[in-house]
Structures are given as structure tokens and as C-alpha cells.
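Take a look at what Swiss-Prot says about it:
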COMPBIAS  1-25  compositional bias 'Low complexity'
REGION    1-55  region 'Disordered'
COMPBIAS  35-55  compositional bias 'Low complexity'
REGION    67-128  region 'Disordered'
COMPBIAS  88-103  compositional bias 'Pro residues'
REGION    184-203  region 'Disordered'
COMPBIAS  192-203  compositional bias 'Low complexity'
DOMAIN    233-385  domain 'GAF 1'
DOMAIN    417-601  domain 'GAF 2'
DOMAIN    631-954  domain 'PDEase'
BINDING   His711, His747, Asp748, Asp858  divalent metal cation 1 binding site
BINDING   Asp748  divalent metal cation 2 binding site
REGION    997-1028  region 'Disordered'
COMPBIAS  1006-1015  compositional bias 'Basic and acidic residues'
REGION    1040-1110  region 'Disordered'
COMPBIAS  1056-1068  compositional bias 'Basic and acidic residues'
COMPBIAS  1082-1097  compositional bias 'Low complexity'
COMPBIAS  1100-1110  compositional bias 'Basic residues'
Amino acid sequence: MTDVSAAAGGATAPAETAATSSSASKPLTNGANKTSTAMAAPTATPTTAATASGAAEAGAITSVAGISNQVKLEHHHHRQSNNNRPVAPYPPVPAAKPKPTPTPESKFKSTSREPGMSSSSSSAQQDVDEVARLFEEKPEAFEKWLTERAPPEALSRLQEFIESRKPLKRPSVTSDLFQQWMSASPTVQQKSPRSLSNSSASSTLPECRRHLMDLDEGELFMELIRDVANELDIDVLCHKILVNVGLLTHADRGSLFLAKGTPHNKYLVAKLFDVTQKTALKDAVTRASAEEIIIPFGIGIAGMVAQTKQMINIKEAYKDARFNCEIDLKTGYKTNAILCMPICNYEGDIIGVAQIINKTNGCMEFDEHDVEIFRRYLTFCGIGIQNAQLFEMSVQEYRRNQILLNLARSIFEEQNNLECLVTKIMTEARELLNCERCSVFLVDLDCCEASHLEKIIEKPNQPEQRPTRAIMPGDSFDEKKMRNRFTVLFELGGEYQAASVSRPSKTELSTSTLAQIAQFVATTGQTVNICDVHEWVRDHNQIRAESEIDSTQAILCMPIVNAQKVVIGVAQLINKANGVPFTESDASIFEAFAIFCGLGIHNTQMYENACKLMAKQKVALECLSYHATASQDQTEKLTQDAIAEAESYNLYSFTFTDFELVDDDTCRAVLRMFLQCNLVSQFQIPYDVLCRWVLSVRKNYRPVKYHNWRHALNVAQTMFAMLKTGKMERFMTDLEILGLLVACLCHDLDHRGTNNAFQTKTESPLAILYTTSTMEHHHFDQCVMILNSEGNNIFQALSPEDYRSVMKTVESAILSTDLAMYFKKRNAFLELVENGEFDWQGEEKKDLLCGMMMTACDVSAIAKPWEVQHKVAKLVADEFFDQGDLEKLQLNTQPVAMMDRERKDELPKMQVGFIDVICLPLYRVLCDTFPWITPLYEGTLENRRNWQDLAEKVEMGLTWIDHDTIDKPVEEFAGCADEEIKDIEFTVTTLNCNQQAQHGAGAGGDDSHTPEHQRSGSRLSMKKTGALGKAVRSKLSKTLYNSMDGSKPKTSLKLLESHVSEDMDDKSPTSPSQPHAGGSVGRMSASSSTSSAGTVVDKSKKRSKLCSLL
């Protein structure tokens, strides 16, 4: 780095003395073109484009007929008139002899020969004239020659010529320039050859300068402003500014400094230094990059200008104390006059400083005119510099976003390798921020096995007992350090050094200054940007300085946090490559890297935890598979048992019941179904494997009240009956029959006695695992688990294609038992049936048919005989009531009616609704298509009548359930016949008109004074008037229910007295002229002792009295 004070003034190229006057003294060529000094470097300017287009035009014409230089000049004049702007390096036509704008035809017809043309050029021009005349006489032949016989090279050049005829636009932020920046290195901008190479333009530089010197001051000023107005390459722009300022002020050389740093630590960086009008852009950029000059604000001439924002004009540099003559002494160049001026943006902030040295026109100092021109031109240059910086920032931001996107992609690509991920992040950070070293410290996160076991044995809803690593306000620094200990260190050195991973010891961490700084950041959670490490360590007594910081100048250290804002590591950058401190922009970029590093570390740890959990799951599945599989003794016993015929189990009948079958008989019945369908031999199922699988399936059903193994057996038997008796096997393949029977047996595996809604409400693991058809998906997974268990795969002999097919059938069939799926598929099935569909072999139609068959089998208990059906219904209701109790207890919510134990009397009514909504429509449409399963439909109709009759009796006030559980059928209530009912007072009301007429004379009354419940209709009502138990009232209701059926009462009610209350008669006025519409009211009281009248009523009299009332 060049000394700061030496950079304040002076020059470095003795060979490039003030010699531009020699070139300026040469005579100017007449008609020098108006052009910009951009020809010093071939950038994206009109000058370069015009030069290239002129060459393209000349090449295109020459390829056709050997065009001369005169044609090229005429074409250039045509371009100039079209674009209305100067083009270099061709001189314009003298003003005294204006030439009209040539047309394309005139180029070929022109035969004039201007002075200076050679004889060969004259001959070429004659050839052009001859060809032009031929083209004019026979244009069709020329067109045909172009389209059929013209060489491809000629056509290509001609196309380029035509394209070049279009007017040029002013240069802007073209895609080429943007792509040039995109392909540049993140740390060192790689300039394109067009920007850095000015070899082609250097040869035309004297002509450009001579042309510009021929302009008046106003035209020159505007031309130079146009030259820099749209330039976005900061290096090219600065070079243009210095060259143009030299032309405007006749300065020998100049330097341009750009302001950098934070608001509290600003400095100047020499973008280009000692640039003369002959200095090539590439040389200037190379020299500035090789020896970067940094000048703090307030130091030297340029530093003072930046500090004060005031211009400095020095007439004799050696007499000014701020001037440093060391560079002059090294180079032999003598600095006389210096003019240094600030460059500000639109807000008035310093963005740079421009400095010019020595006059070349014989003057010894810069006068006021030079100062004014310099100030005016730098005003416009400030706008251009800020635009170029904004563009550079946008490009850098784009590069940064691309790097961050790559890092995001790397997080998922390297999630199984933390070392590779962190190394990649550090490499990207080092290259983008241009630093020497990069380190990442990882904090111990208590991932040891002991803490894991502590976590497992923690009780639910209990505070965490493990020591926390949270930093408390009252903790000392040492206590905070003890809570954050680094366990892994990633280090990345220079560009050619490989990354290293180590596990530092406590001694190494306590003796390393860099580690202590990282420990400080992890403890405080603050970002540290250290410009001077030695000074920072002196200010923090708790950190000890070691010898390793001798080579460390600047450090940027930042915490890495996870989603819970807990520090999991520290990222550290050491020393910028150019020796300057880290800026706020660097900290902002590094923050993004720290965030991605935290995401990567967190994601990797999550991935490792997931892998561990998967391993634990495999172990658990192995254990579960072992315990879920039937024992070898049970398998051997079932294998040796004799299997009865299907008729002995009544498997062909739709009235099958399992009540009389023992558990072993249920397994034998399943085996008989497989044997009867010829599945064992058809698919080569080993008999012992089939027996073990059946026993394992039975073992994996929970002992719930309804959805247990026997329910699965009934569903499978109904499917067997539909296939055999219902003759539906003709629509199925053997593989589909196998899948359907397996699905029926497994469709409720591991049922917990609760439905999908309960799983969702309680947010159970099953609901998290399966968002739709929760239990059905679990049943299928259990089915797969059993099949995958050793010795249970009954599909082992199937081909891969058949295996996939049968598993698809099993999955679809089990999921179809979800009534939500039934309602989705029902309309499509009904539409097919209504359209007279008879071909069910299509994949979608077969899936619909199997789904409807599964639902029909699942609810087939509704079609069983009444003595079976009402028992099963009570089991279902009891299971539902248990779920309702759980909802009240766990969720503190009121369950729906069918699960509310308090509304159990509504069960008959709900059964009727279930039959009407689901069962009857399904069986009706199936019977229409497959008439052999009509018994299912007829049985459902019969049970509906029974449930409807029971529902009507419940509406009359009869209670059909007399206790909390409903495992007893209605008929079993007869066992209470010998019990005596005591202390019952009830009222019986009837609207029998004949009886009303008979008793009206004695108890007649006005209808308006009759209670409404006595006028509401012919019904029997029970009303509790004392401390009467619920069981007693239920028994009485049952007795009356039997009496209403005409059967003999089974309970001997000892009615001791029947009388009419005198109080009621007194309060009910009667009128002989009006009929008694309210009915007769009788109050009867039963007591164990004799009544007040001493009259005892026996059972037969009681029955006669009730019958007469009813």
C-alpha cells in the first residue's frame, strides 16, 4: 500500500511529462469529426458502435463488388446525416462543399474521385459503377443471383450492412453490459475486453483529440458531458472523466478518489491515479489495483478537500506544507500546480475527489476559468459516478442473491454432511467479502445421550428439570461463558488452503484470543466489528491477548442463532484482503451468511435427529412385529385343526351370526372362506403362512366393544356371501377376490373405539400422520406391517405386478370404509347404475363397485335378523357413548347426540335415520343391479320397521334403556317381573270419546280448564311425583309397554286403591250442557300397605283397569 501522505500530491510517470503540447501544436485535419474522448477506450459508446458499423458496411459492399474507400466515406457521411451526431474517426465533409445525403443506389453510381485516392481505388470504383449499371438494367437477375447463387459470406455481410443502416440509440444499461457484470468474479470485477482494451481506439486518439480541440468551448463541454452521461462501468467512467478534464483544462494528468468507509471512519480510495491523456484504461486500472492508495479524510490535499468540501488550488506545490514530494523524488516528475475539487451527489455528500496537476499550454497555474470549467464538469460527473455506483451495487446485490440462493440449495444438498455445508458457506463468504480467513465455532447443544434419556423420562406438563443455558441478567461474564462452550471449530484459510475441522480443548479455547472473542459474541449475542484488534482487547479486560493477533488487524464476528433465537455458533471473518476494516455493507452481507449457516446447521441437526428417529422406529417396528405375530404354538395348532365345511358355519347365508362361534372357530371360518374361493392353491399361499397371518390379524384387533375381530369376521363373511350367494364373483378376478377378503379382515385393524373426528379434535399422532381418513390409513398401514412381518406374507408367491395390483386393491378397499369416501363415490355409482351399466371391468368402474361392496359389508349388521341386529346396535351405541364420555372429560365439549349417553333414548330414532340415509339407498341400488343380494335389502327394511316402532314408543314416553350400559336386550328386562314397585304415583290420560261420554256426567268439565297435556292426544305419559328411582320408572315403562302390546303384564303391580282426587274435582268446574272433551283423569297410588280405604286390588283387576284406560 502506498504511503498515505505521499498520495496527497505528485505524479508517478516521468516519461509522461507535460508533452501534450506537441501533439496539440500539430495542424488539425480539415473537417475533424465531432466526437467524444471515449475513443480512448472501446466502451459501449456511439463512437465505437459507429466505427464497427462503418467497417461492417465497407466489408459488405466490398464482398459484392470490391468497394473503394470513397464509397466507405460516402456511407459514413450518410450515417452522420441520419444519426445527427458525430462519428469518429472519419472526418466530415467540409462546410464549404456540403454534399447531399447519399442513397444506397448513389453509392454504387458515384464515380467522383476525391483527392488522395489511389489508382487501384479508381479501378475499384469503375467496377462498382459497372456493376451498378448492370443491377439497374436487370434487377430481377440480380435478385435471382442473390437468392440462388450468392455466397453465404456475402449474404451475411450484406445482412450486417442492412442492420447497420438503422439509427443508433444512445448507450444504456444494455443486457450485454449487465451480463458482463454477472459473469464477473464476486471479489474482483473482470472487465470485458471491450472495456479494458483500447488498442483499436488508441490509434485514433490523436485524431479525436485534434477534432475536439477544434470545437469551441461550449460544444466541447457538451460533447464531453454526453460522453460520460450514460456510462455505468465505474472504471471506464473515471478514466473518461480524467481524460476529458485534461482536455477541458489543459491539465497534464489527474487522479480520481472515491469515498469509502462508515460514517465514522471515512477514507478515500484512489480509483485511478496519475492518468494522462495517453494512458490506456487497462494500464490505469492495473496500476491502481496493484498499489491501492488509501487517504483518510483530513489527511493530505485530497483528504482535506474531502473533509472540508472546499476546492484547493495550489500554484506552487513545493511551497505548500500539505504537499508531499516523495513521489516526485521517486519518479523524477516535478509537480507545480495542483487543482483539487470535491465531487458531491445531489444531497451534497462527498462521493469522491478529483485532482489535476500541471498545465500543458504554457501556463504555470490553473486560473479561475479552469476552476469554473472543472467545477461545472464535475457536477455532471457526480451524477454519473453515483449512477455507476448504484448500478455496481445492484449488480453486487444480484450476485449476492445468487450466492444466497446457491447456499439455500446447498442446505438441502448437504444436509447429511455438516462439514461440507459449513465449508461451502465459509468459502462463499470469504470470496464475496474478500477476507483472508473465516472460522465457524459451534456451541455444545446438549445432544448427549444422557440428556436425551432425561428428556424421555420427563413427566408430561412438567417444567423442564435439565439445567438451562439461558443467560440470566445477574450472571457474571465467567458464568455466562460456562453456559456456552464450543465443541467444533471449522477454519478456512487462504484461497489455496483446505478447510479444517477440529474439536478444541478447554485449554485451547481459553488461550486463543480469536476463540475468546467468539466466546464473547456467543455470550452476549452481539455482533462485533473490530477495526483494531489490539485496541479492542485492551478495552476488554476479560479477554487476554496472545501472539496470534499480531497479524490480525480487523475482525467481523457474528452469532449464529436457530429458530428459537438460541445461539448455536459464531461466525468469524479475519482481515480484509485490501487491509481496510469491515464496512456496514460487509456486516449486512455477512449477516445473511450467518442466517444461512444457522439454517444449515439447524437443518442438518434436524436431519440427523430424523435419521435417529427413523432408526428407533425401525427398532420399535421390529419389536412390534415380533409381539404382533402369532406364536408358533398357535400356528401349529390351527394348521393341524380340521376345517369344517362352509355350510356348517353358515357362511353362504346373509343371516350369518358369530354369537355361537368360539374364537378358534372364527379363525377356522376364515380359513374355510379362503379355501372355498380356491385362493390358497391359486396363489400358492403356504398353509402355515395363511394360518399365522389369520391369527396375527386377530391378535392385532383391540378388545373394544364393537370394532373388534368379530366385526371383521362378519364383514368378511358378508363379502364372501355377496361373492358366492350373490353371484358377484363373476365380475371379479381371483386376485381382486383375494384383495377384497384381505381388506375386509384388516379394515379395522388396531381400532381404538374412536372415530376420525375424535382423532382430529385431540390432535393425536394419528391425526398428525394422516390428515384425511385417519383411522382408515392407519388400518391399512397395520395391514402392511403384518404382511411384512416374518412368516406372514401371504402374497409372497405373487409376481411384482400382481403384488402391486393386489396391494392397490387392498388399500382402496380399506379407505372406502370411510363413510366420507362413500359419500364422494355414491353419486358416480348411482349415475352408472341409472344409465344401465353392466360392464364393470373398467378400472374406475371396478374401483367404484368394490368401494360400494366394502361399505355394504361394513354396515351389513343392519340387515341381520332383529334378535341379532338390536344387540349389535347396542354394542355400537355403547362404544359411541364411551367416546362421548372421553370428549366430555378430555375436551370439555358436548358430544353429538349419538355419542351422548344422556340422550340414549334417541337411539332408535337415530338408527332409522342411519338406515334411511346410508343403508337403504345403497342396498336398493345394489339390488337393482345384482338381484341375488336382495336379502340384504329386505333385512334392512324389516329392521327399519322395528326401529321405527321402537322410536314411536320412545316418543310416547317409554324408556327402552334402563341403565348406563346397553348390553342387555329389551327382552331381558322381563327378569324384573317378580320385583315389586312401591311408592309410585303416576297419571294416565286418554282421549277415548266413548269413555269420556261414559264418565262425563260425573267428572265432566270445561275444555278450556282442562290441562293441555290432557288434551294433547291419545298417549301414555309417565310423570314422577316423588323420589322415584330411574330403574323403577324404567321397569314401569316396560310393564306398560308390554301391556300396550297386548301381552300379559310381567310385573305384578299391587294397586291398592284407585280413586279420583276430590281436590281435582273441586278445582275442575263441570257443566252438564257441555261434553267432557278433556278426557277422564284418574289418580292412582300404589303402596306396600293397605290404602286409606282398605281396599286391595289384585293383579287381574289392575290389568283390567289399565286396559280400559289404554
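The backbone N, Cα and C atoms fix where each Cβ goes, glycine too.
How about a rundown of where these features are and what they're close to?
DSSP assigns Asp858 (divalent metal cation 1 binding site) to a helix in the three-state reduction.
According to DSSP, Asp748 (divalent metal cation 1 binding site) is assigned to coil rather than to any helix or strand.
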With an 8 Å cut-off on Cβ distance to the His711, His747, Asp748, Asp858 Cβ center, who else from the chain surrounds the divalent metal cation 1 site?
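So the additional residues around the site are His707, Ala712, Val715, Cys744, His751, Thr817.
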Within a 10 Å radius of its Cβ, which of these binding-site residues (Asp748, Asp858) has the fewest neighbouring Cβ atoms?
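The binding-site residues Asp748, Asp858 were compared, and Asp858 has the fewest Cβ atoms within 10 Å.
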Which of His711, His747 (the binding-site residues) has the most other Cβ atoms within 10 Å?
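When each Cβ's neighbours within 10 Å are tallied, His747 leads.
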Return one of helix, strand or coil for His711 (divalent metal cation 1 binding site), based on DSSP.
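His711 (divalent metal cation 1 binding site) sits in a helix per DSSP.
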Pop the mean pLDDT for the domain 'PDEase' (631-954) in here, whole number is fine.
92
